[in-house]
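Chemist: Just lifted these from Swiss-Prot, have a look:
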type     : residues                       : note
SIGNAL   : 1-18                           : signal peptide
DOMAIN   : 179-574                        : domain 'Peptidase S53'
CARBOHYD : Asn200                         : N-linked glycosylation site
ACT_SITE : Glu248                         : active site, charge relay system
ACT_SITE : Asp252                         : active site, charge relay system
CARBOHYD : Asn262                         : N-linked glycosylation site
CARBOHYD : Asn307                         : N-linked glycosylation site
CARBOHYD : Asn380                         : N-linked glycosylation site
CARBOHYD : Asn453                         : N-linked glycosylation site
ACT_SITE : Ser484                         : active site, charge relay system
SITE     : Asp529                         : site 'DNA-binding'
BINDING  : Asp529, Ile530, Gly552, Asp554 : Ca(2+) binding site
Amino acid sequence: MRLLSLLFLLGLATLSFAVRSQWAQQGRATHEALITIRFALTQQNLDVLERTLLDISDTTSKNYGKWKTAEEVTELVAPAREISERVASFLERQGATKVENFRDMVKVTAPVSWIEETLHTNLFFFQHKTRTSKVIIRADGGYKIPAEIAEHVDFVAGLFEFPSIKNARTQVGAGVDGYIVPYVIFDLYGIPTTFPVHPNSSICLVEFQDDQSYNKDDLKKFAKENEITETVVSHTVGPYSGSSADTESTLDVQYGGAIALNTTVWFWTVEDWMYDFATDFLNTKNPPLVVSMSWGWPEPEQCQVGNCTGDETSLEYVVRTNVEFQKIGAIGTTLLAASGDQGAPGDSDPECNSKKKPLSSIFPGASPWVLSVGATMLSNMTTEDADPSAEPPICKSWTCSTSTTELVCTIPQALITTGGGFSDYSLQPSYQNAAVAAYFKSGVPLPPQTDFNASNRGFPDVSALGHNYLIALSGDFEQVDGTSASTPVFAAIIAHLNSYRLNNGKPPLAFAVPLIYQAFASDPTIFNDITTGDNKCTEDCCSKFGYEATKGWDPVTGVGTPVFSKLLAFVQTLP
């Protein structure tokens, strides 16, 4: 029987966070309802944290791989102990139900009445207009931090986020260049299917918006049709309901789990945004070693997703969250983030008509403290058929790709265009100086210099396939495009490299971005160089502004896609 052939425009799980219109205010929240908020305390020694992380992640340093504990990095940047205790004690005296002092953040669970009185704000019930079962409590208006603690608090998180609940848009797809299944990925990048997985190697698929889940029956079907071991999620953090699977979570778990083989899999759902996730992660015992985040939103618009009210700005939110990302890298975890699905114009200019800001950056994909992942696609099929005996059953019903030539993933050939460019806020880190300088010296055409900051962090760092993936969803197979596909795949590759190191008594890769550039500098053929294509198009239009792929690193596909055997060989040389 022919399976359902729908092409899902999933891509990066971007957030339409001008989303207040999606929610209907239902009146004041009941006084006894409990909610959780976070007081972000003013930090110190941030320059020391950055220097330390760059030192222990430099493969040429004598300190390489000497990762820290969460307690060590938190104590480094936290305010004086008496300050955090003063804030926590004040909140306890005010009558909060539960107060947890994490040194540079105080987490409070309290009834609505307490929060309204303490922060001089008003809380309301909001009901989603289409998914009416979804009801949240949020503030309407500003808030005021009590004078007794105001000088020690940067902002309060958890009051203003309005989740964007979206259904994937669909389109019938021809799949003329062949479909992507785990078999194709293993073959293209040379990933062995019998790689010795260490029991402590782990990968975490993170979903935001608190409305994400996968279905275990879909995992069984996916494994059977692909002749692979069924992915088992052994750690679940946050809400999970397998009865209402969605495309994003399904893609992450099926491909992150499949390519990582038998690596321990975590599934983590978050109602709020990046700062909230990062602080919870840092306070988790024995957290996963690799984290894949297929979500993002324009850097200058973080106040639409984060907790900016009153004097806070998107810049301040990004800076503070980047500190938390540095801490995560320093304790031994690799963070990966998607580079976006709306090309260089991004979600700031999806209709390609902005004269003020024709190019966009994305967060966390443009953070210097995550491994930013772009997307490629394969060219037309080769004339020679693949060996039928080697193909899994799924390739009998669907024409799996046999091409080995990668191009930039871009509209109109694909349903998304890989994002890339330069951060609005973060300076260019030293680990990519040489690669970015070579790009500017290459002679490749550039956008007007007034439209981007060449001195800032360039992204993405790497890429992987992001077009024509097949996933099992609600009993059928469907197609998916996006950096939401490439990110968990590269995360799985990092998990394999971690297994090698752990099997040999070495620490995990952790903050692996400097390693990528040092590997590239030592031998550019460790990566497949993508030199055809650009990222000038969005879903709705193609702009005259954007970046072109060229030899070496570029703000389209980074240094390229992995040649696993060569990347492993480089990792094998490290202490």
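Just so you know, glycine gets a Cβ as well, placed from its N, Cα and C.
Help me see these features in their spatial surroundings.
Modeler: Sequence-distant neighbours of Asn200 (N-linked glycosylation site) (same chain, 6+ apart, CB under 8 A from its CB) are Thr264, Leu289, Leu502.
The DSSP secondary structure for Asp252 (active site, charge relay system) is helix.
According to DSSP, Asn262 (N-linked glycosylation site) is assigned to coil rather than to any helix or strand.
In the three-state DSSP classification, Asn453 (N-linked glycosylation site) falls within coil.
In this view, Ser484 (active site, charge relay system) is surrounded by 30 other Cβ atoms within 10 Å of its Cβ, with every protein chain counted.
Within 10 Å of the Cβ of Asp529 (site 'DNA-binding') there are 18 other Cβ atoms, across all protein chains.
Counting only same-chain residues at least 6 apart in sequence, those with a Cβ under 8 Å from the Cβ of Gly552 (Ca(2+) binding site) are Ala435, Ala438, Tyr439, Ser442, Pro524, Asp529, Val559. Following the DSSP three-state reduction, the secondary structure of Gly552 (Ca(2+) binding site) is coil.
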Chemist: So what sits near Asp554 (Ca(2+) binding site) in its own chain, CB-to-CB under 8 Å and at least six residues off in sequence?
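Modeler: When sequence neighbours closer than 6 are ignored, Asp554 (Ca(2+) binding site) has Gly420, Tyr439, Val444, Tyr547, Glu548 within Cβ distance under 8 Å.
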Chemist: Neighbourhood of the Ca(2+) site (Asp529, Ile530, Gly552, Asp554): other residues with Cβ within 8 Å of the Cβ centroid, in order?
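Modeler: Along the chain, the qualifying residues are Thr531, Ala549, Thr550, Lys551, Trp553, Val556, Thr557, Gly558, Val559, Gly560.
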Chemist: For each of Asn262, Asn453, count the other CB atoms within 10 A of its CB; which of these glycosylation sites has the top count?
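Modeler: That would be Asn453, with the most Cβ atoms nearby.
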Chemist: For Ser484 (active site, charge relay system) and Asp252 (active site, charge relay system), what Cα-Cα distance in Å is obtained after rounding to a whole number?
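Modeler: The Cα atom of Ser484 (active site, charge relay system) is 7 Å away from the Cα atom of Asp252 (active site, charge relay system).
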Chemist: Tell me, roughly as an integer, the mean pLDDT over the domain 'Peptidase S53' (179-574).
Modeler: 92
Chemist: Going by C-alpha distance, which of the recorded positions Glu248, Asn380, Asn453 is nearest to Ile530 (Ca(2+) binding site)?
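Modeler: Of all the candidates listed, Asn380 is nearest in space.
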